[in-house]
Amino acid sequence: MRATDLDPTFISHAPGYWADEDTEKWSDYKWQLRNRVNTLSDLESRINLTDVERAGVLLAGNKLAMSITPHFFNLVDRDDPNCPIRRQIIPRIEEGWTAPEELADPCGEDSHMPVPGLVHRYPDRVLFLVTDRCASYCRYCTRSRVVSGVGEQHLEMNWEAAFKYLEQHTEVRDVLLSGGDPLLLSDTILDRLLTRLRSIPHIQFVRIGSRIPIFLPQRITPELCQMLRKHHPLFISIHTNHPRELTSEVRDGLGRLADAGIPMGNQSVLLRGINDSVEVQKALVHKLLMCRVRPYYLYQCDLITGSTHLRTSVAEGVEIIEGLRGHTTGYAIPQYVIDGPGGGGKIPINPNYMIDSVPGKVTLRNYEGNLFEYPDPTPVPDGVMEKLHHRALHGCS
Ligand SMILES: *Cc1c(COP(=O)(O)O)cnc(C)c1O
Ligand code: SF4
């Protein structure tokens, strides 16, 4: 961590490692995508790599690709292998070891797909996977079995079959577009997709899950915002884990989305050595509010293969929530959840504030550890209401 990571300020890290490029190219998202760091030689020409990382990069080739936008790469510390940005996107040899509790499909998505790419787990909403590509790849990705296109399994999609399923299932009122990253699709394709979903009368609410505002804020063009705002009510769930990720470019991109009337939530993953402290989480959620983004979920890291070096205990997550609740703005506090391994869905995990419960009352503790009793309502004794009634009508005291 750097001392400045905890400052509530938004800075640009450009041009950073790309000092020779002109700024016009820098702000072109297509240039950013074309110039992603995705080879060992490119990586080694820019930062001092450790053996653990070098071996990890070689291994990543047939598991989950390495790919990092220049914008995001600029947040990487050149010399510090424990840099919280570096550990999210540069592979390490530890990814090659699968712990006994780990799974290729930790949330049991493949077994809940009535149509390829459509996960229907909850009664009224679906997860619609619309692409297998992202602007950069997170080493802990819960869908690493299918994203990036280099692993053994490929993401099967059939949009027409998905639309047909949604039309037939009138109980679905909420569609969450994810992948991969839906904002990597072109404006035209996204527009067509959203228009098609909006033509289904029972779909009330559409959300897009995207890490593009963080990896590639240049993609949040005025044209994109203009198109998205035609499809309201539309929400966006962004994904950011560390306050350094909230640069001035990211703040401006998020501002354009907010100005287009799009409510935004953030999903973070609790990651060991990256954001597993109250001070880092606090800095993150405060900066998010400044960007008009409401912290939504803090995920316990899924049991994805090769993730032991990035996972924390559940107790550490509870401790972080404990350190936020009461100590800062309620709007700043995400719900901590564990996605039930094998397909249980999101299960909320909270510090225990109700320390006792007996018939008639509960005993609570507040954020400072002080105790309070809250009684159940007292039943009104017989005759009291009659007496009050009489007094109201006949006015005696
Ligand atoms: C996360 C998720 C959703 C959305 O859940 P919310 O709690 O409404 O955000 C829907 N379907 C699946 C399969 C999910 O994993
Ligand atoms: S952006 Fe999302 S889908 Fe893409 S690699 Fe990261 S966590 Fe996975």
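From the backbone N, Cα and C atoms, a Cβ is placed for every residue, glycine too.
Source: prediction; values computed, not measured.
What TrEMBL says about this protein:
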- 120-332: domain 'Radical SAM core' (DOMAIN)
- CYS134, CYS138, CYS141: [4Fe-4S] cluster binding site (BINDING)
- LYS346: N6-(pyridoxal phosphate)lysine (MOD_RES)
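Among the recorded positions CYS138, CYS141, LYS346, the residues whose Cβ lies under 6 Å from any atom of ligand 1 are, in sequence order, LYS346. Shown in sequence order, LEU64, SER136, TYR137, ARG139, TYR140, ARG143, SER144, VAL147, SER148, ARG211 are the same-chain residues outside CYS134, CYS138, CYS141 whose Cβ sits within 8 Å of the Cβ centre of the [4Fe-4S] cluster site. Model confidence over the domain 'Radical SAM core' (120-332) is summarised by a mean pLDDT of 97. Proximity of the recorded positions (CYS134, CYS138, CYS141, LYS346) to ligand 2: a Cβ under 6 Å from the molecule is found for CYS134, CYS138, CYS141. Put simply, of the binding-site residues CYS134, CYS138, CYS141, the one whose Cα is nearest the Cα of LYS346 (N6-(pyridoxal phosphate)lysine) is CYS141. For the binding-site residues shown (CYS134, CYS141), fewest C-beta neighbours within 10 angstroms: CYS141.
Listed in sequence order, the residues of the same chain lying 6 or more apart from CYS138 ([4Fe-4S] cluster binding site) and placing their CB within less than 8 Å of its CB are GLN88, ILE89, ARG211, VAL269.
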